[in-house]
Amino acid sequence: RASVLHTSKKLTRAETIFSNMNYENSSEAEIIWDNVTQSNQSFDDFNRVVGGEDAARGQFPWQVLLHGEIAAFCGGSIVNEKWVVTAAHCIKPGVKITVVAGEHNTEKPEPTEQKRNVIRAIPYHGYNASINKYSHDIALLELDEPLELNSYVTPICIADREYTNIFLKFGYGYVSGWGRVFNRGRSASILQYLKVPLVDRATCLRSTKFTIYNHMFCAGYHEGGKDSCQGDSGGPHVTEVEGTSFLTGIISWGEECAMKGKYGIYTKVSRYEV
């Protein structure tokens, strides 16, 4: 995810999802977005999971890693065989993106890995990085070839808007990624995950001088020490309901990582139709 420095710079966690996306046909990917609220806030890019645990192989089979030509930089979630959802701020003009599904340990090749090239990136139509890098921070990525689904490569469940909002209010969610394991530290080689509590909106608003729009939510621990961080952007915030995991948020941004009194900021999936 992206972090915001106290010099007024916001860092992304590499980062968020789509507002009012009407995803009725994966081949057409017709998207309907809300209007962007303008902001003069300035941002810089970053993101990851601090204070988390090593995930078991196949524990989060919807998780993917986004690779540029040099290194990995963001996460994402499998929507179906041909589409991945991530944060819009992860998309850079002219940068070739490779999606790696079935990844667990980034330091060695694994038989569960599947690599696909991104042939089309579709940010939410109201997303405008020059106005606000994290408002409506959500995008879809179309893959060149379908993924082969199995126990290590599986789409995340996405409920309708009403139920997604209800699930989010259950209170706790899981975030995952290969981002930094401590603020400004090294990135994880093994997929990390962390259980984070939802933070009430009033507390969320008081915790930062930056604008928290209605399509964002806060999650994390007041005491600090546990958080998503740089490199985690675009990855999932999921809520488990009777043994089934549903996508409820997209890792977007935050102020540094795991700081006391600060929280991770996520795109609220219930604001968008997939």
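Cβ from N, Cα, C; glycine included.
The sulfotyrosine annotation in Swiss-Prot covers Y23 and is backed by similarity to another entry.
The domain 'Peptidase S1' annotation in Swiss-Prot covers 49-274.
Residues annotated as disulfide bond in Swiss-Prot: C74-C90 (among others). C74 (disulfide bond) has a Cβ environment of 32 other Cβ atoms inside 10 Å.
Swiss-Prot lists H89 (among others) with the feature active site, charge relay system. Neighbour count (other Cβ atoms within 10 Å of the Cβ, all protein chains): 31 for H89 (active site, charge relay system).
All protein chains shown were included, and the count of other CB atoms within 10 Å of the CB of D137 (active site, charge relay system) stands at 36. In three-state terms derived from DSSP, D137 (active site, charge relay system) belongs to neither a helical nor a strand segment and is classed as coil. Annotation source Swiss-Prot lists active site, charge relay system at D137 (among others), citing similarity to another entry.
Taking a C-beta cut-off of under 8 Å and a sequence gap of six or more, C204 (disulfide bond) has these contacts in its own chain: I212, F217, C218, Y263. For C204-C218 (among others), the entry in Swiss-Prot reads disulfide bond.
According to its DSSP assignment, C229 (disulfide bond) is coil. Feature annotation from Swiss-Prot assigns disulfide bond to C229-C257 (among others).
According to Swiss-Prot, the active site, charge relay system annotation covers S233 (among others), on the basis of similarity to another entry. With a 10 A radius on its CB, S233 (active site, charge relay system) counts 39 other CB atoms from all the protein chains.
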Does DSSP give C74 (disulfide bond) helix, strand or coil?
strand
All-chain count of other Cβ atoms within 10 Å of C218 (disulfide bond):
22
Just give me the nearest neighbour of H89 (active site, charge relay system) among the recorded positions D137, C229, C257, Cα to Cα.
D137
Could you tell me the mean pLDDT over the domain 'Peptidase S1' (49-274), as a whole number?
91
Let me know the most crowded of the disulfide-bonded residues, choosing from C90, C229, C257 and counting other Cβ atoms within 10 Å.
C229
